[in-house]
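Copied over from TrEMBL:
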- B:6-25: transmembrane segment (TRANSMEM)
- B:71-121: domain 'NADH-Ubiquinone oxidoreductase (complex I) chain 5 N-terminal' (DOMAIN)
- B:88-108: transmembrane segment (TRANSMEM)
- B:120-137: transmembrane segment (TRANSMEM)
- B:137-422: domain 'NADH:quinone oxidoreductase/Mrp antiporter transmembrane' (DOMAIN)
- B:143-162: transmembrane segment (TRANSMEM)
- B:183-204: transmembrane segment (TRANSMEM)
- B:224-241: transmembrane segment (TRANSMEM)
- B:292-313: transmembrane segment (TRANSMEM)
- B:320-346: transmembrane segment (TRANSMEM)
- B:352-372: transmembrane segment (TRANSMEM)
- B:428-449: transmembrane segment (TRANSMEM)
- B:469-506: region 'Disordered' (REGION)
- B:515-536: transmembrane segment (TRANSMEM)
- B:580-597: transmembrane segment (TRANSMEM)
Amino acid sequence: MFANWPLLSLLIWLPILGAIPVLLAGDKRPDTARLLALIVAVLTFAVSLCMLPGFDSSSAAMQLQENHSWIETLNVRYHLGVDGISVALVLLTTFTSVLVIILGWGSIDERVSQYMAAMLVLEGLMVGVFCAMDALLFYVFFEGMLIPMFILIGIWGGARRVYATLKFFIYTFFGSIFMLIGLIYLYFKTGSFELATLAQVGLSGKEQAWLFFAFLIAFAVKVPMWPVHTWLPDAHVEAPTGGSVVLAAIMLKIGGYGFIRFSLPIVPDASMEYAWVVIAMSLVAVVYVGYVALVQEDMKKLIAYSSIAHMGFVTLGIFVSLSLARGGNATGAAIGIQGAMVQMISHGFISGAMFSCVGVLYDRLHTRMIRDYGGVVNTMPRFATLFVLFAMANCGLPGTSGFVGEFWVILAAFQSNPLVGALAAFTLIIGAAYTLWLVKRVIFGEVANDKVAGLSDMNARETFVLVTFAIAVLLFGLWPQPLGNLMDAPIAELVKHIVISKGA
Amino acid sequence: MITPKLILLVTALLPLFGAIVAGLFGKRVGRAGAHTVTIAGVLGSFLLSCYALYQLATGGWGVFNENLYTWFEVGNLSAHVGFLVDRLTAVMMVVVTSVSLLVHVYTIGYMRDDPGYQRFFSYISLFTFSMLMLVMSNNFMQLFFGWEAVGLVSYLLIGFWFKRPSAIFANMKAFLVNRVGDFGFLLGIAAVLFWFGSLDYATVFRSADATLAGKTLEIFAGHPWQAATVIGVLLFIGAMGKSAQVPLHVWLPDSMEGPTPISALIHAATMVTAGIFMVARMSPLYELSETALSFVMIIGATTALFTGLIGIVQNDIKRVVAYSTLSQLGYMTVALGVSAYSAAIFHLMTHAFFKALLFLGAGSVIIAMHHEQDMRHMGGLKKYMPITFITGWIGTLALTGFPGFSGFFSKDAIIEAVHESHRFGSGYAYFCVLTGVFVTALYSFRLIYLTYHGKERFVVEHAPQAHAAHHDAHADKHGHDDHAYAGHGKNEHAHDDHGHHAPGHLEHAPHESPWVVTLPLILLAIPSVIIGWLTIGPMLFGDFFAGAIVVKEGGPLAELAHHWHGPWAMLLHGLMAPPFWLALAGFAVATYVYMFNQSIADRAAKMFAPLYRLLQNKYGIDDLYFAVFARGGLKLGRGLWRGGDVAVIDDGLVNGSAALVGRIAASVRRVQSGFLYHYAFAMILGLIVLLGGLWMAAR
């Protein structure tokens with residue numbers, strides 16, 4: 001019944017235009033702004049669910065397409081469409097956005113309407129990124145996203161917010177410039193920004209290499225991969241809770257998505273040739289960043305580093321698939337990419353939940369330092385239960401969604417090279433070490449001080465958010481098949497595509 | 001329609017249901033509600049497990065192997081959740097649920113006053129579910145799920161008293177050490193997928209021989225490894241973590257920080273035997289690699305002897321039993337290493353009963369002693385608590401292998417099997433397991449004498465109201481005691497609960513524990529005596545495990561079966577074999593020293609001071625790990641962070657290039673000085689250059 005609706009446009013523009021009345025509600029009426037924002041977010045989520053009934057998950061084709069001319073002279077098109085991969089990420093976006101709005105309900109007191117409006121605009125732009133089938137349209141959304149996030153950190157952030165927000169902005173902007181140059185080159189070559197066209201165009205080895213590194217810089221910053229990751233801990237530390245959640249849960253995924261949509265299909269040979277670079281960077285992320293996470297004293301920084309380590313599995317899974325696919329092991333390659341995708345979705349839930357947990361604590365004691373806590377379980381038992389659950393998911397415990405992606409990626413990596421698999425599997429130890437040590441110091445033990453003694457357990461709003469995350473984490477841990485099913489066809493198609501060389 | 005599938009599903013889910021009710025609705029159902037629903041669940045699970053075993057043993061059911069649901073499908077690989085239940089699984093199910101049931105009942109008494117009562121029941125039921133999922137799995141993915149799930153519950157239960165620093169240190173240590181094992185285990189699973197393209201047991205085992213033949217893996221160039229060896233060793237590393245084999249054994253003694261019922265259930269009878277079960281389950285793979293089996297045997301033998309030695313110098317009653325558990329797990333592992341898988345499972349079963357009995361008995365003593373665990377403050381308890389005393393003797397006789405008791409059959413079978421083996425390292429293994437028998441008897445009877453016999457080494461304070469004053473008065477007098485405590489390191493004393501008293505001081509005289517505690521002791525004592533006698537025929541010498549456990553032609557057990565046929569022959573042979581005499585020697589030494597002449601022990605400790613210290617320090621392994629991995633890891637992390645992230649990347653590259661841009665901008669800015677004549681000069685200069693250039697070009 002929804003097949004003929006412009007669902008994707010609705011998903012993009014509903015939150016962006018919905019931000020206007022929220023803004024109009026003004027700072028004098030914060031409750032109106034909150035309520036309006038929630039209504040918009042829930043509506044958007046409802047619309048995103050409408051994608052599912054008519055969606056053919058057995059097909060790798062782009063569905064729900066909308067194709068209009070946009071900038072006639074440059075042949076830029078407003079072309080939207082989704083396959084299983086996009087649907088999964090769009091749902092993650094709309095789902096998380098609802099929770100973020102609820103989360104900001106109580107913890108944001110200043111300029112509420114502007115905060116809520118920025119969040120909604122951000123949501124629309126992120127959906128746009130996952131739906132764009134035109135490279136320039138993608139680029140516009142990709143860059144546009146920076147603005148609301150820049151504002152979110154810059155206004156509602158912590159003490160060093162100016163440094164953090166500038167670092168964040170310049171880092172990512174620096175990265176994406178290279179992608180823009182690459183896209184312009186491709187435009188001159190093909191006369192089009194259509195992703196489907198770009199995926200088919202023949203490119204020489206040299207051209208592919210240049211383009212590969214242009215894309216790599218853009219997406220590596222976004223993921224972020226070592227060594228261009230240092231903006232993330234700063235951004236997280238200064239961002240308000242909601243900003244951190246969006247950043248970790250959704251925005252980082254755009255980097256991984258970019259590799260899947262741009263690098264692999266457009267420059268498969270260079271991806272294959274330089275896969276080792278990305279694999280090496282990913283392994284550094286898992287091992288090196290794991291050790292760095294271990295010694296962090298700020299909870300948010302610790303979780304930020306943990307995010308980098310977990311996103312290492314995404315890039316690892318994507319790039320081990322190349323040698324597997326070309327070695328004739330299509331299943332192995334599909335395992336790698338599936339693992340990467342599942343890891344992205346799962347990391348969305350887990351990191352979102354972890355940052356929400358820190359937010360819950362921060363709202364009470366206004367400190368993120370681990371040493372200021374201890375024995376929280378004594379005063380907040382319900383919170384502690386959920387925190388331990390998310391910590392276990394962060395360790396990749398089977399039965400939680402955190403396990404699924406890591407499991408597949410490690411299995412795929414082992415097939416490409418047992419040593420790579422072994423280094424990746426090191427996360428079992430180091431990931432557990434930094435997470436459980438955090439739990440030990442914050443949650444367990446005697447009540448550490450008077451402030452902790454005075455903590456009150458979660459209120460209904462916080463409980464709702466964390467329990468919703470918990471359900472998602474457990475559901476996709478115990479039964480990830482629906483997720484796999486959704487993405488299976490496009491991934492199989494992608495594996496077929498990357499096997500074919502684009503010529504010298 | 002009651003199908004085997006439904007029965008097995010209910011068997012697994014009943015404890016989960018109990019755990020959810022007690023865990024999420026603990027307040028609403030109350031204490032009685034929590035223990036009723038969990039005990040009912042585990043009882044149901046136990047009865048159904050017995051039924052399944054009966055059906056499988058009598059041929060009523062064939063081997064059950066079905067998938068329940070598809071977990072994940074990708075390409076032509078599909079991972080399922082499903083059950084494989086054959087006789088091996090069924091034996092494990094009965095062992096797990098029976099011990100779990102008794103521990104549930106025991107807990108009513110042991111945790112009576114604990115504020116976390118419902119939570120505790122929820123955890124142990126959740127454990128039972130996880131353990132059932134582990135043993136009932138029909139594929140590697142679910143095996144890993146159960147493997148980690150029992151690890152999680154173990155973590156939660158060791159840290160059950162989360163206010164205690166030692167407990168939350170121990171549970172983290174346990175989890176992390178286990179993760180080191182899991183690291184290998186997961187890679188083992190990855191290797192299985194790599195060569196077989198499947199995670200299903202049936203597919204893998206069916207084609208093991210054909211698939212792995214001639215396959216090698218070159219991890220380092222020039223050193224090809226046999227595929228079967230790679231898989232075998234990697235999977236066994238997982239078992240080394242879970243079953244606490246040297247050098248990953250360090251977490252088990254510390255796990256005694258948890259309440260005693262879980263020490264019995266998880267850290268003696270069931271979870272720690274998961275590794276043993278796993279290797280037995282994988283026998284079709286292990287039989288393909290002599291190297292892997294030798295590795296298993298040598299690790300097991302080392303564990304069996306060297307952890308047993310530490311048991312001799314422990315003073316904490318639970319720690320003695322813990323080291324004994326390590327040692328016995330070593331015996332099981334040795335049996336695996338010589339291809340005597342059935343003997344390992346047989347010992348696993350008998351050990352589950354007598355070790356659970358010993359732990360629960362220790363718990364009963366601890367209740368009586370008001371949570372005093374140091375045996376130096378016990379003695380003479382036999383007259384206060386006869387049931388605990390008698391069952392304690394029964395358990396000890398079973399453990400030390402007194403002829404006719406269950407442990408005799410299972411341990412002797414292992415020793416004889418090692419004797420028959422010609423595998424690389426079997427000489428060393430035989431030495432270890434034989435010496436281990438003497439050691440076992442020594443520490444076991446030492447425990448019995450120090451606890452139940454001899455003089456009372458505790459003071460009963462009859463006037464509790466004068467307690468505070470008393471406390472102060474005695475503080476000086478017992479200064480040396482406190483000193484002795486400090487000497488043993490921080491984690492040495494796993495006091496089961498908040499001890500408010502000076503060591504060795506009791507508010508009132510010890511007395512026998514309530515029936516919910518003693519009944520499980522009695523019920524465990526019965527199988528500790530007879531189960532070996534009853535089941536050795538089919539399990540060891542018969543073909544009870546045919547199909548589940550695969551042994552190549554000429555395994556050592558076939559040889560033994562050839563000699564003995566049944567328990568009688570084995571009993572007669574046992575009386576003449578070295579293990580019996582070694583055990584007797586251990587008994588005699590313990591009796592002489594700890595009953596009649598205790599000064600010998602002190603003198604021996606002085607005479608062999610370096611050895612004594614080595615054992616006290618647990619060979620220094622814990623300290624070494626702490627220094628290298630914990631402190632070293634932190635140091636490395638700090639170095640990478642400050643040196644890599646902050647210094648090089650941020651200060652150097654990121655802020656450095658920002659500063660560079662700033663400097664360039666500053667020097668360029670100087671050009672914009674705002675003085676008109678500067679601009680005019682620049683314009684003229686530019687014009688000259690331009691014109692000059694044009695002129696040059698035109699020429």
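Each residue's number is its place along the chain shown, starting with 1.
Quick reminder: no glycine exception, Cβ is built from N, Cα and C everywhere.
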Suppose I define contact as three or more CB-CB distances under 8 A, residues 6 or more apart in sequence; do the transmembrane segment (B:352-372) and the transmembrane segment (B:224-241) meet it?
no
Cβ contacts the transmembrane segment (B:120-137)/the transmembrane segment (B:6-25), at least three under 8 Å, sequence gap 6 or more:
yes
Using a Cβ cut-off of under 8 Å, list the residues of the same chain at least 6 residues beyond the transmembrane segment (B:320-346) that approach it.
88, 91-92, 239, 243-246, 249, 252-253, 255-256, 263, 267-268, 272-273, 275-277, 279-280, 283, 286-287, 293-305, 307-308, 310-311, 314, 355, 358-359, 362, 375, 399, 409-411, 413-414, 417-418, 420-421, 423, 425-426, 429, 432-433, 436, 439-440, 443-444, 446-447, 532, 535-536, 539-540, 544-545, 549, 551-552, 555-557
Other than its close neighbours in sequence, what residues sit by the transmembrane segment (B:292-313), given a CB gap under 8 Å and a spacing of at least six beyond its ends?
228-229, 231-233, 236, 240, 244-246, 249, 279, 286, 319-320, 323-324, 326-339, 418, 421, 423-426, 428-429, 431-433, 435-436, 439-440, 442-443, 446, 605, 612, 615-616, 618-619
For the domain 'NADH-Ubiquinone oxidoreductase (complex I) chain 5 N-terminal' (B:71-121), jot down how many residues DSSP puts in helix, in strand and in coil.
29 helix, 13 strand, 9 coil
